[in-house]
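Undergrad: Annotations for this protein, taken from TrEMBL, read as follows:
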DOMAIN    123-238  domain 'Phospholipid/glycerol acyltransferase'
TRANSMEM  31-52  transmembrane segment
TRANSMEM  64-85  transmembrane segment
TRANSMEM  154-172  transmembrane segment
Amino acid sequence: MVRASTRGAGVNGLPRLDSARPVTSMDLWPGAWTVLLLLFLLLLFLLPTLWFCSPSAKYFFKMAFYNGWILFLAVLAIPVCAVRGRNVENMKILRLMLLHIKYLYGIRVEVRGAHHFPPSQPYVVVSNHQSSLDLLGMMEVLPGRCVPIAKRELLWAGSAGLACWLAGVIFIDRKRTGDAISVMSEVAQTLLTQDVRVWVFPEGTRNHNGSMLPFKRGAFHLAVQAQVPIVPIVMSSYQDFYCKKERRFTSGRCQVRVLPPVPTEGLTPDDVPALADRVRHSMLTIFREISTDGRGGGDYLKKPGVGEARL
């Protein structure tokens, strides 16, 4: 007698499964791969359409790639930096890995005044802060043995935070004034004993309005305490190629101007407010001089109320 097969139609038309045949996704969802293929083709058509037709979509794509690429590069840098451990010399590795990003976005960075860097002594760099794109200008002009002072939240930014820690970046908790002052005192000693330079954004936060916010005085207290010069650096406005409010990110030009160092020998903490105001005034003057909106030689900065901030 011929044995009847157990394979055949089951309940509601679903295939009856026997013990000799494994269950596959195609048994349960015969059209699953077709649906995935259709979704892939839809995305393949939709993404280029958004890229060419929607400036906002292009902005978000570019910023997503910018941040993602930096995180990926940090992953590559971590094993190399880990050989030395936490060391300011690792900043050279990060700089080398990040220098090419400006070419990916068609941004030309022009540096002027680099000869103003003191050749062989510690100093404090102060720079205006517009967006995360400041990283491009910073890497272009970053002097040797120089590390930024950053907010503590960056330490938890995945691979980027770990790479920054290995490169000697100094993290401060701005919400705890006592801790920040203690860290600054330690930095002052490090400047003198280990021949380190530090890079500070005295505005304290990113400023997208095309001007400069009032300066916080921590960097100036640091320079006066250590009796080292202050080197102001000004990055021109990004308005001709980048605007967060307008969701615009194209190619363009950025000028980075290094100003003559400002001495602090003989100054005391009482001199810090006037010192901060004087440095900010000189930086704001240069900022207006070198900035342009790309549509008429700097008209953006001439609008009433733009470029002005209370001291």
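Here, residue 1 is simply the first one shown, and the rest follow in order.
Glycine is treated like the rest: Cβ placed from N, Cα and C.
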Undergrad: How many of the residues that make up the domain 'Phospholipid/glycerol acyltransferase' (123-238) does DSSP mark as helix, as strand and as coil?
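TA: Across the domain 'Phospholipid/glycerol acyltransferase' (123-238), the residues distribute as 49 helix, 23 strand, 44 coil.
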Undergrad: Please report, as numbers and ranges, the same-chain residues at least 6 past the borders of the transmembrane segment (64-85) whose CB is under 8 Å from any CB of it.
TA: 93-94, 97-98, 101, 104-105, 132-133, 135, 158-160, 162-163, 166-167
Undergrad: For the domain 'Phospholipid/glycerol acyltransferase' (123-238), what's the model's average pLDDT?
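TA: On average, pLDDT over the domain 'Phospholipid/glycerol acyltransferase' (123-238) sits at 89.
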Undergrad: Do any residues, 6 or more residues outside the transmembrane segment (154-172), come within under 8 Å Cβ-to-Cβ of it, and if so which ones?
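TA: Beyond its ends, the transmembrane segment (154-172) has Cβ neighbours at 70-72, 74-75, 77-78, 81-82, 84-88, 90-91, 93-94, 147-148, 179-180, 183-184, 187, 196, 198.
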